[in-house]
Amino acid sequence: MAKSPETEHPVKALGWAATDNSGTFSPFNFSRRATGERDVQFRVLYCGVCHSDLHMVKNEWGVTHYPIVPGHEIVGIVTEVGSKVEKVKIGDKVGVGVLVGSCRQCDQCSNDLENYCYKQILTYGAPYLDGTIARGGYSDIMVADEHFIIRWPENFPLDAGAPLLCAGITTYSPLKYFGLDKPGLRVGVNGLGGLGHVAVKFAKAFGTKVTVISTSLSKKEEAMQHLGVDEFVVSTDPQQMQAAVGTLDGIIDTVSAPHPIVPLLSLLKPHGKLIVVGLPDKPLQLPVFPLIQGRRTIAGSGIGGLKETQEMIDFAAKNNIVADVEVIPIDYINTAMDRLLKSDVKYRFVIDVEKSLKPQ
């Protein structure tokens, strides 16, 4: 049997991996490549737990290669840089988000939209250039091309800032691209979870009036008092939904469970935009009449390019925007995944990798 290219990698690493679609994690020894001339190696301090990690470890999208080491909200301290690296130096705080590679030549890459490159390489679970499967941040060491490294602002929290590398850019980018960042606009956020609470924070920082749409009345007090939303609509209450018809310029739909979108479209003004950023594991039904009636738009958005991700992190640092997190040791990850499946987290788990990942 041919050897895996990973066996040639000299950097010994320790992580936690799922080895089958039960999604159960256990310690996992593997190797990373040596630091190339344009690579940055860093010691992982924290890694956020994204809902997509749960989908991937259970192979719900049918693309998972086992064993899988998830994690694409990764922050740490640089320990080694290649000879041609100019972006960061040893000792700097850095982050890596959802991408670690792209072709760097296509129109999308040329326009700083590596996230839409057809040859993009995801931070974990995807084949890398050398034929190995990329391993994510549930591990003690990362090596990445400097182009995909995010510089971390001084005094910006590492633990609460880490989820912004996915949840932050996933919501910041569509707010900017679709023009929903103008003061005075009325923006809806469907779902108040890991993505939704960050979307609220960015939308408020842009000066918009924010309406949270949720199935959970229990989240109203938190949304109004802690997050400062302007309106809260319970989507299962027909009277509340009727009162909100035609009031919103746009909606960021963060829900990752299958859900009807006709009620959301009714909340939009004419020419309003429904932007889907959640990842349900089943198709959503697309109604045509509400689109035609008000020239409304349904669109999608996926993370952001590296330039925009750096812009987002800098904006967040300037405006004191962080995720609300529960910091956990890495040996709690199986329990955390069970809780995530039940939406029992407010609002994002973050693994304290440095303090809790130890050789077994």
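Backbone N, Cα and C define each Cβ position, glycine as well.
Database features (Swiss-Prot):
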BINDING   Cys50, His72, Cys166  Zn(2+) 1 binding site
BINDING   Cys103, Cys106, Cys109, Cys117  Zn(2+) 2 binding site
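Known features from Swiss-Prot, placed on the structure.
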| residue | record | contacts (Cβ under 8 Å, 6+ apart) |
| --- | --- | --- |
| Cys50 | Zn(2+) 1 binding site | Pro70, His72, Glu73, Pro163, Cys166, Ala167, Gly194 |
| Cys103 | Zn(2+) 2 binding site | Cys109, Cys117, Tyr118, Lys119 |
| Cys106 | Zn(2+) 2 binding site | Cys117, Tyr118, Lys119 |
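Cys109 (Zn(2+) 2 binding site) counts 21 other C-beta atoms within 10 Å of its own C-beta, drawing on all protein chains shown. Shown are the binding-site residues Cys117, Cys166; the one with the most C-beta atoms within 10 angstroms of its own C-beta is Cys166. Report note: the Zn(2+) 1 site is defined by Cys50, His72, Cys166, and the residues of the same chain whose CB lies within 8 Å of the CB centroid of those residues, excluding them, are Gly48, Ser52, Asp53, Gly71, Glu73, Gly97, Val98, Thr123, Pro163, Leu165, Ala167. For the recorded site, Cys109 (Zn(2+) 2 binding site), the DSSP three-state label reads helix. Taking the centre of the Cβ atoms of Cys103, Cys106, Cys109, Cys117 as the Zn(2+) 2 site, the nearby residues of that chain (Cβ within 8 Å, site residues left out) are Ser102, Arg104, Gln105, Asp107, Gln108, Ser110, Glu114, Tyr118, Lys119, Gln120.
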